[in-house]
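A.B. asks: Here it is: the structure, laid out below.
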Amino acid sequence: QVDAVRVYVNSSSENLQFPVLFVVRQQKGVLSWQVPLIFRGLYQRTYNYQEVSRTLCPSEPTPETGPSDQIIFVDVSSMAPFNIAYELLVTRLENFQLETNKAFNFTASPSQPQYFLYKFPQDVDSVIIKVVSDAVYPCSVVSVQDIVCPVYDLDHNVEFNGVYQSMTKQAAITVQRKDFPGEQFFIVFVIKPEDYACGGSVPSSTHGNVNRTWNLQRTKNLQVTIVPSIKKSVYVQAMLFSFLSFLSFYLGSVVVAFVHYISADMKLTVLFGSVSFTGSGIVTSSHPIAASTPEGSSYGAIDESSSSGGRQLSSPERGLPAGSDTDSSVEEESDFDTMPEIESDKNVIRTKVFLYLSDLSRKDRRIVSKKYKIYFWNIITIAVFYALPVIQLVITYQTVVNVTGNQDICYYNFLCAHPFGVLSAFNNILSNVGHMLLGLLFLLIVLRRDILHRRAMEMKDVYTLDYGIPKHFGLFYAMGIALMMEGVLSACYHVCPNYSNFQFDTSFMYMIAGLCMLKLYQTRHPDINASAYSAYASFAVVISLAVLGVVFGKNDVWFWVIFSMIHILASLALSTQIYYVGRFKIDGPDSDLGIFRRASMVLYTDCIKQCSRPMYMDRMVLLIVGNLVNWSFAVFGLVYRPRDFASYMLGIFICNLLLYLAFYIIMKLRSSEKLLPIPLFCIVATAVVWAAALYFFFQTLSSWEETPAESREKNRPCILLGFFDDHDVWHFLSAAALFFSFLLVLLTLDDDLDAVRRDKIPVF
C-alpha cells in the first residue's frame, strides 16, 4: 500500500488583498495555494473559498530504502499588516489505493478535489474506470494522469496532463497498461465552479461586487469502480464474427446462383416454348416481334408503320442499324433527347389513359443504358472527392484526442468503447464492415446479371428486346457503390462522432434512399426518369439543407418556415411531373406569363371539368397520400422543430420510399402479376430485419446535440460478445436490411415479367 497525506486548511479572513499563502515542501515536489482560494468563471465572475483541502503527492517506498517516515514542511505566510487566524490539519488517507472490482464512495468540492492511485494487476492489460453519481450537478471532471508530481487537481489546470472528460451522472474511461510504463496511474476528481460546461445554466453578465461569490456549496458524492476490460481474444472473436456473418451471405448467393444455373436450360426451354406461340406471330432470331397495341388502349395510339411524314419511330425493338458504333454521335446526343423528331408523337402516346411499358420504353436501349451508367461513374467521382478529405479530417480529430487527452471532443459510448491502435472506439468502426461487404456482394450480383444480359443480347435473345422490364444496370451499380460508401463514411464518422462531422454518417443515406426511389420509378418509366446530373444536384441540395438545419434548426423559426415552404413546393412540383408522366414543362414558348396561363388551363381541364374522376386515378391516389404525408412532415417540423434535424430529413426520405414501394407492390398484385419465391423471401426478410434494426437504432447511446457530459448519461454497456453495443447491432442489421431491400425492391421484384410482352405490362 502507498501512503498519502491530505492537508486541510481554513481561514476566516476575507481579505483578498492579503491572502494566506500555504506552501508544502516534499522530497520530490512543492505544492502551494492561497486562502481564500479563487476560481474564475464566465464574465469575470469569481468564486472564493475559505476552506481548502489538498492531497499531497505520495512518496512510494523503494526496495532499496524500504518503508520510512515522510518529512513534510508546511510554510504559512501572509503580507497582511494584521494577524490572521487559520486552521491547519494533516491526516493520513486510509483508502488512497483503489482495488479492482471494488466500489469506493467519496465526496469532492471545487476547493477540496480528490485523487487516488490504481495499480494494474498482473493479469490485466486494460481497465474501465466507471464513475457514477446520483446528482446531475455540480459539474465535475474525471482525469487519468501519470505518476508525476505535482498532480493537477484544480479546475484551471486539470486539463494540463493526462486524459479527462466532464461528467454529470456518469463517466467512463478506458485505460490500457501500455500507456503507463509504471503500470499505475492517478484518478483525479475535480468539481467545476460553474455548470455551463455540463449543460447547466450560464451565469448572467453582471458588474461590480455582485460577480463575487463566497463559499458556494458545491459538494458532490461520487462512486468509482475499476473493472477489467476485455481481453485480446475478444477482439479476435469480434472480428471473426463480423466477417464470417457477412461472408455467409456470399455463400448463400453462390448456392442460389448454382441452383439457377442447374435449372437454366429447363427454364429457357419452357420460356421459349411459351413465346413461340403468342398470338402476335412467330419469333425469329433476326426480326423480333413488333410491339402490338394492347386492347383497351387505343386512345392516343400511333401506328408505327404510318407515322407522320413517313418517319419510323425509334423503338427499342429496332435499335440502331446493324454495325453502328455504340459511341456514335447519336448516343452522345442522349443527354438532350433521343427522339427530338417525334416529340409530338411521344406526348400524344403519354396522354393515353392506360399506359403500358412499351409506351415508355421507346428510346434506343443502348442509348438509355449509357445514360443510366452516368449514375455509376458520377457516384464514384463523388465518393472519391468526398471520402478523401473526410478520412483526413477524422484522422486529425483522432490525433487531437490522443495528443490532448480531451475526451469531450468525441461522443462515444464510453461504457463500450474498445480501443485498438490509435482508434478510441474500434468496435463502432468494425461494425460497419457489413455495409462494405454486402455492397460488394450486391455489385457482384448485378455484374453477373449484366453479363448474362449482354450474352443474351449477343445471341439476339428475344427476351432482351421485346419482353420483360428493360435491363439497365447503371442505377444498380450506383446503389452498390452508395452502400459501400455508407459503410466507409459511417466508419469515418465513428472515428470521432461529433457536431462537426455528423453529415458523414447521413450523406449517403439520403443518396441510397433517393437512388432506390429513382430505380423503382425507372423500372416502368425508363424513358422519362431523371438524369444523373439533376438527381445528384438534388442530393447536393438535400445535404446542404441538412447542414443548415443542424446549424439553424434548433431555435430559428425563420429557417423552419423557409424549409417547410421548400418542402411543400418540391412535393407539388414532383407530383405534377409524376402525374403527367413528365409532360408538364415550364420552358419553351410558354415561358414568362404564359406558364401561368398554361397551368390554369391544365387545372381547369383536369381538376374542374373532370373533377368527378381524375384521368389517372391510381397515380392521383398515390400523390394525394404522398402529399399528405409530406405536408404532415412539414407542419410537424414547423410546430415542434425537432433537434435532430438529420434524422428528421432521413425520416422524410424513408417514409416516401416506403410509401412508393407499398404502392408499387399493391399495384403489381392488382395487375395480376406474381411474386416469385426469391422476392417474396426478400420481402419477409426485409420487414423482419428492418424492424429489429430500427429497435436498436432508437436505443440512443449518445447525442452530439447535448454537452459531452449529458451525452454520457445515455451510455450503456456492450450487449453482443462483450464487444458490440446497441448501435453496432444497428450497423449489422441495417446493412443486411439494405441488402435485402436492394434485392427485393430493385433486382428481383419484377423477375416474373421476363416472359411478358412489354405492351402487356402496365405502367403505374
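Yeah, the Cβs are placed from backbone N, Cα and C, and that goes for glycine too.
On a predicted model such as this, the values are computed, not experimentally measured, just so you know.
Below, the features straight out of TrEMBL:
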| type | residues | note |
| --- | --- | --- |
| TRANSMEM | 238-262 | transmembrane segment |
| REGION | 294-337 | region 'Disordered' |
| COMPBIAS | 305-315 | compositional bias 'Low complexity' |
| COMPBIAS | 328-337 | compositional bias 'Acidic residues' |
| TRANSMEM | 375-395 | transmembrane segment |
| TRANSMEM | 429-447 | transmembrane segment |
| TRANSMEM | 475-496 | transmembrane segment |
| TRANSMEM | 502-521 | transmembrane segment |
| TRANSMEM | 533-552 | transmembrane segment |
| TRANSMEM | 558-581 | transmembrane segment |
| TRANSMEM | 620-639 | transmembrane segment |
| TRANSMEM | 645-666 | transmembrane segment |
| TRANSMEM | 678-698 | transmembrane segment |
| TRANSMEM | 729-749 | transmembrane segment |
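Distances, neighbours, how buried they are, the whole picture for these features please.
C.D. replies: The list of residues near the transmembrane segment (238-262) in space but at least 6 beyond its ends in sequence, with Cβ under 8 angstroms from a Cβ of it, reads 427, 430-431, 433-434, 437-438, 441, 444-445, 448, 678, 721, 723-724, 732, 735-736, 739.
Away from its own ends, the transmembrane segment (375-395) comes close to residues 474-475, 477-478, 481-482, 485, 488-489, 492-493, 495-496, 501, 504, 507, 511, 515, 532-533, 535-536 of its chain (Cβ-Cβ under 8 Å, at least six residues beyond either end).
Residues 372-373, 375-376, 378-380, 383, 386-387, 390-391, 394-395, 397-398, 401, 409-410, 423-425, 428-429, 432-436, 438-440, 442-443, 446, 502, 504-505, 507-509, 511-512, 515-516, 518-519, 522, 731, 735, 738-739, 742, 746-747 of the same chain sit 6 or more residues outside the transmembrane segment (475-496) yet have a Cβ under 8 Å from a Cβ within it.
Here the transmembrane segment (645-666) has Cβ contacts under 8 Å with residues 502-503, 506, 509-510, 513-514, 516-517, 520-521, 542, 545-546, 549-550, 553, 567, 622, 625-626, 629-630, 633, 637, 675, 683, 745, 749, 764 of the same chain, all six or more residues outside its ends.
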A.B. asks: Considering only Cβ pairs within less than 8 angstroms, which of the stretches 429-447, 502-521, 620-639, 678-698 has the most against the transmembrane segment (558-581)?
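C.D. replies: Ranking 429-447, 502-521, 620-639, 678-698 by Cβ pairs under 8 Å to the transmembrane segment (558-581) puts 620-639 first.
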A.B. asks: Pairs 6 or more apart in sequence, C-beta under 8 angstroms, 3 or more of them: is that satisfied by the transmembrane segment (533-552) and the transmembrane segment (729-749)?
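C.D. replies: The transmembrane segment (729-749) and the transmembrane segment (533-552): touching, no.
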